Amino acid sequence: ICLIALAALICSQAVLAKPLDEPAPAESQLVVEEQPTAGATAAPLDASSVPEQCHQPKETGRCFALFYRFAYNLDTHACEEFVYGGCAGNSNNFESKEQCEQLCLGKAAPVAATASSTEQSTELTTEQIVVE
């Protein structure tokens with residue numbers, strides 16, 4: 001848990017923010033609880049194979065909105081959630097984990113599943129039923 005003054009938003013991996021019961025009179029404060037990043041880390045990549053955009057650090061920006069975004073972490077080789085304030089920041093800022101992984105890890109976009117021939121309708125008509 002970390003304490004944040006609205007004038008200096010410094011927690012970058014926050015996922016849950018709530019007001020303190022008794023905020024300091026001089027400025028509003030938030031308690032931000034950090035949750036672990038889900039999923040296993042990817043196999044290490046050669047840094048030169050990662051696009052330059054993904055080399056940038058997570059950057060909250062200087063505004064105070066709470067947009068949940070994803071940024072690539074060169075140390076863990078994974079896309080991690082962080083809070084984006086809504087302005088400034090950098091281009092290592094993705095709206096979804098999938099977008100981050102597509103660009104920074106080279107993962108293919110998920111393909112919509114289609115029904116295979118074994119999953120298609122098994123409804124029989126009277127002409128298809130043979131009685132011996």
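Glycine is no exception: its Cβ is also placed from the backbone N, Cα and C atoms.
Given the structure is predicted, the values throughout are model-derived calculations rather than measurements.
Under the heading signal peptide, TrEMBL lists 1-17. Annotation comment: TrEMBL describes 31-52 as region 'Disordered'. Residues or ranges marked as domain 'BPTI/Kunitz inhibitor' in TrEMBL: 54-104.
Across the domain 'BPTI/Kunitz inhibitor' (54-104), DSSP classifies residues as 10 helix, 15 strand, 26 coil. Taken as a whole, the domain 'BPTI/Kunitz inhibitor' (54-104) shows an average pLDDT of 97 in this prediction.
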